[in-house]
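Working notes, structure below.
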Amino acid sequence: MTAPGLPLLRAPNLAVPHAFTTRAGGVSAGPYAGLNLDDRSDDPRPVAENRARLAAALGFAADDFARLNQVHGVQVVHAQAPGFWEGDALVTATPGVLLAIGTADCYPLLLADPEAGVIGAAHAGWKGTVGRIGQRTVEQMVNLGARPERIHAAVGPGICGEQYEVGEDVAAQFRAAGLGEWVLEREGRTHLDLAGANRALLEGAGVGDLWVSGRCSTEADFYSYRRDAGQTGRMWAVIGLPRREGQTGEARA
């Protein structure tokens with residue numbers, strides 16, 4: 001396993017190990033070609049290699065990931081060790097755990113309070129955005145000792161508003177949640193600006209420092225569920241606290 005020159009996107013305001021992946025640098029083939037990190041449809045062998053490459057690029061091992069069966073809900077999981085849970089956000093204060101969120105149009109949110117040693121990661125589709133998954137993640141980070149004004153947050157690549165057409169039923173739920181400012185009307189069609197909505201929600205939660213990638217998942221560099229009619233891979237957004245000197249692997253969940 002090697003990870004030479006693995007192309008990863010980094011947020012300039014996050015001072016802990018982290019990355020937003022693209023589809024470049026991996027070994028998957030076919031519609032998943034590249035750095036696909038989801039093994040539900042792809043051959044699990046190249047996916048395992050892709051995950052190992054990503055972990056190595058950040059100084060972690062392939063079994064350090066804390067992952068989720070994401071269900072477009074608002075459950076925030078406190079991951080005290082690597083493992084696999086159901087939910088749509090993760091928080092931890094445990095060094096050596098690499099939080100991972102999978103996306104292919106939904107927005108990944110990465111958060112860190114380096115002073116407190118607390119990090120978080122969230123999956124924000126339209127349902128999670130309406131449910132304020134970013135704010136809920138901040139709240140759980142505060143429970144672990146973080147302070148909102150010290151949190152640095154990054155909004156990674158996702159489907160841009162110009163490409164994200166939705167039905168009136170979805171737009172109505174956005175408006176009912178107080179997010180009508182991010183419902184866009186384009187030539188008689190309705191779109192959502194998920195990046196703008198999540199940025200505003202994180203600001204409303206008191207987050208002191210925000211960065212937005214501005215990249216759209218429908219670009220060729222990324223996997224996109226909508227662009228590829230569902231037959232596609234997944235990027236991961238990952239964030240971790242480095243192990244302390246002399247620390248070995250934690251017990252597995």
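If you go along the chain as it appears here, the first residue is 1 and each next one adds 1.
Keep in mind that glycine also has a Cβ here, set from the backbone N, Cα and C atoms.
As recorded in Swiss-Prot:
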- HIS72, CYS106, HIS123: Zn(2+) binding site (BINDING)
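Projection of Swiss-Prot feature records onto the structure.
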| residue | record | DSSP (3 states) |
| --- | --- | --- |
| HIS72 | Zn(2+) binding site | coil |
| CYS106 | Zn(2+) binding site | coil |
| HIS123 | Zn(2+) binding site | strand |
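Least crowded of the binding-site residues (HIS72, HIS123), judged by neighbouring Cβ atoms within 10 Å of its own Cβ: HIS72.
Using a 10 Å Cβ-Cβ cutoff, CYS106 (Zn(2+) binding site) registers 26 neighbours.
Annotated Zn(2+) site HIS72, CYS106, HIS123; additional same-chain residues within 8 Å of its Cβ mean position, judged by their own Cβ, are GLN70, ASP88, THR103, TYR107, ALA124, GLY125, LYS127, GLY128, ILE133.
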